[in-house]
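Colleague: Features from Swiss-Prot:
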type     : residues                                                                                           : note
ACT_SITE : His364                                                                                             : active site, proton acceptor
BINDING  : 7-10, Lys21, Gln73, 78-79, 104-106, Gly140, Glu155, Asn170, Asn228, Arg334, Lys352, Tyr367, Asn378 : UDP-N-acetyl-alpha-D-glucosamine binding site
BINDING  : Ala381, Asn387, Tyr388, Ser406, Ala424, Arg441                                                     : acetyl-CoA binding site
REGION   : 1-230                                                                                              : region 'Pyrophosphorylase'
REGION   : 231-251                                                                                            : region 'Linker'
REGION   : 252-457                                                                                            : region 'N-acetyltransferase'
Amino acid sequence: MLNVVILAAGLGKRMQSDLPKVLHTLAGRPMLDHVIGSARQLQPARIIVVVGHGADRVKAAFEGQPGLQFALQQPQHGTGHAVQQAVPQLLEGDGEDDVTLVLYGDVPLVQPATLQNLLQARGRGVAVLTEVLADSTGYGRIVRDAQGQVCRIVEHKDASEAERAIKEVNTGILAAPTARLKDWLGRITNDNAQGEYYLTDVIGLAVGDGVPVGAAQPGASWETLGVNSRVQQAQLERAWQSELARRQLEAGVTLADPARFDVRGTLSCGRDVFIDVGCVFEGTVTLGDGVRVGPHCVLRDVAVQAGARIEAYSHLQQAKVGQEAVVGPYARLRPGADLGERSHVGNFVEIKNSVLQADSKANHLAYIGDADIGARVNVGAGTITCNYDGVNKHRTVIEDDAFIGSDTQLVAPVRVGKGATLGAGTTLTKDAPAGQLTISRARQSTIEGWKRPVKKS
């Protein structure tokens with residue numbers, strides 16, 4: 001049985017923020033959410049988040065998540081004291097296979113594979129996640145005995161000169177038998193330079209009790225990087241985005257510049273996808289085979305089918321784009337926009353909660369809201385569906401093969417029949433019959449002999 005305890009009680013003073021540190025985002029998600037996500041991959045019986053500063057806000061951010069519980073650390077007296085607060089909620093069976101894994105809410109990128117390796121490294125005892133650093137200043141040092149076995153961890157402030165020369169450091173992440181961990185937590189003291197209860201002291205207690213202590217290392221150095229300041233947050237953001245870019249490149253995606261690419265959610269790409277510079281992908285985004293995304297586009301919760309093109313500076317949110325459709329440049333698809341195959345949505349066109357079926361086009365300067373547009377429809381420049389009467393929204397229906405002239409207003413609810421034509425400048429307030437020309441503008445006239453006024457001297 002596996003328990004996971006995540007320490008998330010810290011103030012984060014150096015963040016200079018009223019927001020609890022673990023709620024600051026990395027790749028569009030709270031740091032704590034990354035840790036919980038990795039923990040869930042291990043299928044634990046219980047996840048316990050130890051909260052302190054901003055406890056109510058942290059709880060509210062994750063309220064209702066299954067298998068998630070909270071323990072309060074108030075005041076904060078160190079990492080050992082933090083885990084002590086979770087002890088009453090730890091699930092325990094009958095043997096050494098009952099394990100508690102301790103993670104940190106401000107070390108957001110530790111990967112499930114690394115945690116699996118750590119659990120395997122403990123055997124029937126304890127395991128710590130360690131790393132070798134060129135500059136180990138500030139970290140707890142891993143002290144090994146003559147046989148190379150981990151015998152204790154000493155914090156930097158309590159370390160001797162010889163111990164400070166050690167390059168192998170403690171990441172803070174460990175796994176231990178639950179029953180023994182409870183016992184060791186009851187035996188640690190605050191007799192140290194900080195006057196705190198260190199979780200690391202359980203290693204010395206384990207060795208004293210004859211319990212073997214193993215060690216594992218992360219798959220990548222960025223996995224154990226913590227965040228204590230805005231600078232570190234920005235550095236870790238770039239490290240993670242670089243990793244996400246590498247994964248896309250290895251999967252066959254072409255990135256014009258991997259250093260100018262941001263994923264703040266999940267991006268799934270088919271074959272031969274091209275992504276230009278400065279693009280941001282949020283939520284869940286799917287790009288089909290051969291999709292091309294132009295520079296500086298933002299896609300949030302979007303599905304783009306094969307062969308489609310998203311041109312420069314377009315913003316798409318909760319939208320669907322059909323095969324070989326073209327969007328942009330400078331287009332905006334709002335929630336509920338659904339473009340059929342080979343449809344075109346051009347510059348300065350906004351579409352919201354509307355369907356544009358195959359081969360239809362709205363190439364310039366239009367607003368299409370709450371509309372159902374059939375196939376092979378041409379929507380002229382300056383067209384507006386007037387969908388809101390000040391209280392309620394109404395739908396516009398434009399059937400197949402209709403032609404909507406420029407500068408037309410369609411006052412919903414209204415229907416344009418199949419093959420109908422609306423003359424430029426029409427304000428449509430009644431249904432337009434199929435196959436007919438409907439026009440509402442005044443008849444053009446010329447005033448003979450009219451002259452412009454002359455400016456008086």
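Indices start at 1 and increase along the chain as displayed.
Every residue, even glycine, has its Cβ placed from backbone N, Cα and C.
Can you tell me where each of these features sits in the structure?
Modeller: Reduced to three states, the DSSP call for His364 (active site, proton acceptor) is strand. Cβ neighbour count for His364 (active site, proton acceptor): 16 (other Cβ atoms within 10 Å of its Cβ, all protein chains included).
The Cβ neighbour count for Gly105 (UDP-N-acetyl-alpha-D-glucosamine binding site), using a 10 Å radius and every protein chain shown, is 28.
Look at Asn387 (acetyl-CoA binding site): DSSP puts it in coil.
Here the region 'Linker' (231-251) has long-range neighbours at 15, 24, 26-27, 108-109, 220, 222, 225, 258-259, 261-263, 267, 269, 275, meaning same-chain residues at least 6 beyond its ends whose C-beta is under 8 angstroms from one of its own.
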Colleague: Let me check the 10 A CB neighbour count of Arg441 (acetyl-CoA binding site). How many other CB atoms are there?
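Modeller: Excluding its own Cβ, Arg441 (acetyl-CoA binding site) sees 13 Cβ atoms within 10 Å.
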Colleague: Could you state the whole-number distance in Å separating the C-alpha atoms of Glu155 (UDP-N-acetyl-alpha-D-glucosamine binding site) and Ala381 (acetyl-CoA binding site)?
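Modeller: Distance (Cα to Cα, whole Å): 69 Å.
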Colleague: How many of the residues that make up the region 'Linker' (231-251) does DSSP mark as helix, as strand and as coil?
Modeller: 20 helix, 0 strand, 1 coil
Colleague: Between Tyr388 (acetyl-CoA binding site) and Asn378 (UDP-N-acetyl-alpha-D-glucosamine binding site), how many Å separate their Cα atoms?
Modeller: 23
Colleague: By a 10 A CB contact count over all chains shown, which of the binding-site residues listed here is most packed: Leu7, Glu155?
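Modeller: It comes out as Leu7.
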Colleague: Which one is closest to Asn378 (UDP-N-acetyl-alpha-D-glucosamine binding site) in space, judged by CA to CA distance, out of the recorded positions His364, Asn387, Arg441?
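Modeller: Nearest candidate: His364.
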Colleague: Can you tell which of the recorded positions His364, Ala381, Ser406, Ala424, Arg441 lies nearest to Gly105 (UDP-N-acetyl-alpha-D-glucosamine binding site) in space, using Cα positions?
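Modeller: Closest by Cα: His364.
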Colleague: Between Gly10 (UDP-N-acetyl-alpha-D-glucosamine binding site) and Asn387 (acetyl-CoA binding site), find the distance joining the two CA atoms and give it rounded to the nearest Å.
Modeller: 50
